[in-house]
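Engineer: Feature list, courtesy of TrEMBL:
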type     : residues : note
DOMAIN   : 14-135   : domain 'LD-carboxypeptidase N-terminal'
ACT_SITE : Ser115   : active site, nucleophile
DOMAIN   : 181-293  : domain 'LD-carboxypeptidase C-terminal'
ACT_SITE : Glu212   : active site, charge relay system
ACT_SITE : His280   : active site, charge relay system
Amino acid sequence: MNLLAPKLKIGDKIGIVAPSNPLNIESKRKLNKFKGYLEDCGFKIKLSKNIFKIDQFNSSAGSPEKRANDINTMFKDPKIKAIWCFQGGETANQTLDLLDFNLIGKNPKIFLGKSDIDVLSLAIHKITGLVTFHGCDAKIGDGREMDFDYTKKWFIERIINCAKAIEPKSRWITIREGLAEGKLLGCNQTSILKLVGTKYFPDFKESILFLETYKTKVKHLLFQIEQMNQIGVFQKIKAMVVGNNYRFEGEKNNLFVKDIIKELTSKYQFPILKINEFGHYQPHAFLPIGARVLVDATNKKIEILDNFLN
C-alpha cells in the first residue's frame, strides 16, 4: 500500500538539497532565480546545510554522509513540506545506505527530482512505499524545464491541485498499440540500472515502465536494454512509456530510441507510447512514482488512477 505525503499549499516551506553533482557559479545563479520564482509564488525556501559543499573528488556536493544528512534533516524538519533536489549527476547512490528510511516513512513529504535523483526516488518508494515524483531540476534561467510555462502549470496542477491528467505538450506517437494499467516506475534508464542487485531495485511486476535517457550512445542503449531484458524487467511490465532522450547519439544517423526499443522488445506484446513530457531539458508533467496509471497507446492517452498526495 502506498504512503502519501500531504499536498503542497501556498505558504508552505520547500527544502532544496543537492544529493549528487556539486553546484558551480552558474548553478548558483540558476538556483537563486528558481528560489525567487517559488518565493514569488508564495512559498518559503530553505537551502540544505551542505548544498554548496564539494567533496574531495570534486564530483559531488559534499561527502555521502553530508548529502544523506541533508536529506534526513529535511524529512525530520516539521516545517518542510516538500524536498526538491537541485540536479542530478552520478553519485546519489552513495547516500542510499545512509538514509534514515524509518524517519522518512514516519514523516512522508513530497520528494522531487530527476536523472540521478531517480535512484533516490525509486529507493525511497521501494523501502517506505512513499509516492515520489520525477520532475524538473530546481533551476531557472537556461530556457529549459522550469522555464517552460507547461512545467510551471503542471507543478501547480500536480503538486498543489493533485490533478490526475497528463496533458501532451507536443505530439505523442504510438510505438506499439494496446491498453494497460499498472504502477508507474522509472524514469532514467541509467539510474534504474544502478539499483540492480541491491535491496532498492524496484519490483516491476505489473508496472508501467517510464524510460528516458541522457546523452546516450547507441551501443550503450543496446546493452542497457538487453540488461533489462536479462534481469526480467520486460517479462514483468504491462506497458512502456518512452520520454525525451536528450542528445541521443544515433539521431544524427536517423536512429531513434523509440525505434530501437520497438525492435529490441519485439518478442513482447506490451504497448509502447512515446511522449515528451519527462526527461532532460523538457517540459515536465511531474510523474508520481508508485501511483497506478492507465496507458492507452492506441489512442495516445495516459491517466493517473491513484491518489498520489493527501
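From the backbone N, Cα and C atoms, a Cβ is placed for every residue, glycine too.
Annotations in TrEMBL come from automatic prediction, not curation.
Show me how these features fit into the structure around them.
Structural biologist: In terms of DSSP helix, strand and coil, the domain 'LD-carboxypeptidase N-terminal' (14-135) has 54 helix, 22 strand, 46 coil.
Counting only same-chain residues six or more apart in sequence, the Cβ atoms lying under 8 angstroms from the Cβ of Glu212 (active site, charge relay system) belong to Gly186, Cys187, Asn188, Gln189, Val242, Gly243, Asn244, Asn245, Tyr246, Phe278, Gly279, His280.
The Cβ of His280 (active site, charge relay system) has 21 other Cβ atoms within 10 Å, all protein chains considered.
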Engineer: In which DSSP state, out of helix, strand and coil, do we find Glu212 (active site, charge relay system)?
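Structural biologist: For Glu212 (active site, charge relay system) - judged by DSSP and reduced to three states - the answer is strand.
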Engineer: Please count the residues of the domain 'LD-carboxypeptidase C-terminal' (181-293) that DSSP assigns to helix (H, G, I), strand (E, B) and coil.
Structural biologist: 36 helix, 32 strand, 45 coil
Engineer: For Ser115 (active site, nucleophile), write down the residues of its own chain that are at least 6 apart in sequence and whose Cβ falls under 8 Å from its Cβ; none is a fine answer.
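Structural biologist: Result: Ser20, Gln87, Gly88, Gly89, Asn188, Ser191, Tyr214, His280.
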